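*Asks:* According to TrEMBL, the protein carries these features:
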COMPBIAS  31-50  compositional bias 'Low complexity'
REGION    31-54  region 'Disordered'
DOMAIN    115-331  domain 'YjeF N-terminal'
BINDING   ASN165, ASN166, GLY167, GLY168, ASP169, GLY234, PHE235, SER236, PHE237, HIS238, GLY239, THR240, ASP272  (6S)-NADPHX binding site
BINDING   ASN166, ASP230, SER275  K(+) binding site
Amino acid sequence: MLPLLLVRKTNKTMILTSSSSFITHLLSLPSTTPSSSTPNLTTISSSSSSHFHHHRSSSKGLFGSILRYKFRGYSSSSSSRVMNRGGELMDNNNNTKVVQNHDESMITYLNQREAAEVDEILMGSLGFSVDQLMELAGLSVATAIAQVYNAKEYNRVLTICGPGNNGGDGLVVARHLYHFGYKPFVCYPKRTEKPLYTGLVTQLESLGIPFLSVDDLPINLSEDFNILVDAMFGFSFHGTPRSPFDDLIQRLVNLQNQKEINQKSSVIASIDIPSGWHVEEGDTTGGGIKPDMLVSLTAPKLCAKKFSGSHHFLGGRFVPPSIVDKFKLRLPPYPGTSMCVRIGKAPQVDISSMRENYISPELREDQVEADPFVQFQKWFDDALAAGLKEPNAMALCTAGIDRKPSSRMVLLKGFDKDGFVWYTNYGSRKAKDLAENANASLLFYWDGLNRQVRIEGSVQKVSDEESEHYFHSRPRGSQIGAVASGQSTVIPGRDFLYQEYKDLEAKFSDGAPIPKPKHWGGYRLKPDFFEFWQGQPSRLHDRVCYSPQEVDGTNVWRIKRLAP
């Protein structure tokens, strides 16, 4: 659960080792990969005619190229590029431009010819079909939208679809947003009878997603919708938009005027190219759409340099190394399993203005279980059913004899009437704290359910037999990681830890049982206090607490409610 902690001292870098589960994950990665994000702190495609001329890039193919280099995971080939007077890198044909984004990463921008050529190769020698690319593009866009715009606050989404592949992307976006918990609507005024598109329409109709005509839409789209997905035209579009798309584009333009006078306005998310923009020169008239979000596909097109909105993402994640190498693509690596990656820095926000108005069922003290362990089991089952990531992750807070508190995330590995169990290194800081002060607290936070559970009590080591049994139930790599890590001790560097692991891996390569190290085992917190917290609107949160009380010589749990 815990990241490696880097401590710089003079000119030497020391590494404090982390929990063995994270080490095992880290050591399983190739040594040249970009560092992974820590668990629970996380980091997801357009045309009007002809072939699928408009997107697609990166990921598996990009990573194949990425793994050959160490510099932030980006490929470093630049032999055919020269620096122009504006500080941009350009190839010798003056076609592909590479510019630095906000975090000084090198990003490739494609011109129209290159973007079309990429699609032709994908659907030619590389064997991709249009519907495959459209599905991946739509999923990327939907994931980017979900990453920025919470479904609770931005629930009603109108996707405006054009007659070509960009419109097909929009239909796929609507389907995925439905499954992500949004309420999508679709405006698709110029339908094509091609089986691919009629199939997408049938899929949306089977979900009960409404199709609205242009006449059904309000003049002010902000009246009915929180998000407007611009899926009208992609990079292969030429000429001037005709009816009804000229009117629809103007309605999106009008939203910018509302923002300028501080009126409520929907956010606009454009797929690959803001409709009406020139693919290379951008908004040439100055009166075009100004989207809040742009999801570029394959690689940003040159017009994306003129994008001034808050959220620029890259989506796709499927281009093989041959295309990465042919077009000398420099693109950021996708984090984890995500289908999109942010380009540039996230917008600066006023932290004091960030707030969530929780909408949740009420938690009443006369409706909870009499036994807090039973109540915890119910909530834990809810977290499992909701598909939350690592619902057994909990913050463990300890304080040693110096009374300085420290917190870290660990994983719950079991609980019953006797308490809550986790495993760790007995030489770690938390272990030293517990040896000096057995009192500790646990905190579970289940964001998707607006719930917290806080548990306080005293801690003891579990029996050697219990630790032994759990140790040998773990994956073999995790067992080796526990042996290799002297958690919280200072070591020379990552290579040292990696070598320790490899040496142990070789030592136990015959499949013989790995002895549990004496410095590793479990702890059990026996609760003397529970608090169940349920987020509610206007900060009127529910807080129901349990504390032990003796009644007629018997210990029972007393339930009381606390003010939020």
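Backbone N, Cα and C atoms are what each Cβ position is placed from, and that goes for glycine too.
TrEMBL annotations: computationally assigned, not manually curated.
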*Asks:* Please report the number of other Cβ atoms within 10 Å of the Cβ of ASP230 (K(+) binding site).
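*Replies:* Result for ASP230 (K(+) binding site): 28 other Cβ atoms within 10 Å.
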*Asks:* For the domain 'YjeF N-terminal' (115-331), what's the model's average pLDDT?
*Replies:* 92
*Asks:* By a simple count, how many Cβ atoms lie within 10 Å of the Cβ of ASN166 (K(+) binding site), its own Cβ left out?
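*Replies:* Result for ASN166 (K(+) binding site): 34 other Cβ atoms within 10 Å.
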*Asks:* Could you say which of the binding-site residues ASN165, SER275 has its Cβ with the most other Cβ atoms inside 10 Å?
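*Replies:* Per the Cβ count, the most surrounded site is ASN165.
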*Asks:* Would you mind ranking the binding-site residues PHE235, PHE237 by how many other Cβ atoms sit within 10 Å of each Cβ and giving me the lowest?
*Replies:* PHE237
*Asks:* Any idea what the Cα distance is from PHE235 ((6S)-NADPHX binding site) over to ASN166 (K(+) binding site), rounded to a whole Å?
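*Replies:* For PHE235 ((6S)-NADPHX binding site) versus ASN166 (K(+) binding site), the Cα atoms are 9 Å apart.
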*Asks:* Just to be sure I understand: of ASN165, GLY167, PHE237, GLY239, which binding-site residues have a C-alpha no more than 10 angstroms from the C-alpha of SER275 (K(+) binding site)?
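*Replies:* Within 10 Å of SER275 (K(+) binding site): PHE237.
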*Asks:* Could you work out which of the binding-site residues (ASP169, ASP272) has its C-beta surrounded by the smallest number of other C-beta atoms within 10 A?
*Replies:* ASP272
*Asks:* Can you grab the distance from GLY239 ((6S)-NADPHX binding site) over to ASP230 (K(+) binding site)? Cα atoms, rounded to a whole Å.
*Replies:* 18
*Asks:* Measuring Cα to Cα, tell me the gap between PHE237 ((6S)-NADPHX binding site) and ASP230 (K(+) binding site) in whole angstrom.
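*Replies:* Cα to Cα, PHE237 ((6S)-NADPHX binding site) and ASP230 (K(+) binding site) are separated by 14 Å.
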*Asks:* Give me the Cα-Cα distance between ASP169 ((6S)-NADPHX binding site) and ASP230 (K(+) binding site), rounded to a whole Å.
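*Replies:* That separation, Cα to Cα, works out to 10 Å.
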*Asks:* What Cα-Cα separation, expressed in whole Å, is found between ASP272 ((6S)-NADPHX binding site) and ASP230 (K(+) binding site)?
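*Replies:* Just about 9 Å between their Cα atoms.
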*Asks:* To the nearest whole angstrom, state the Cα distance for the pair ASP230 (K(+) binding site) and GLY167 ((6S)-NADPHX binding site).
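*Replies:* That separation, Cα to Cα, works out to 9 Å.
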*Asks:* Which site among GLY167, GLY239 has the most other CB atoms no more than 10 Å from its CB, taking these as binding-site residues?
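*Replies:* Answer returned by the neighbour count: GLY167.
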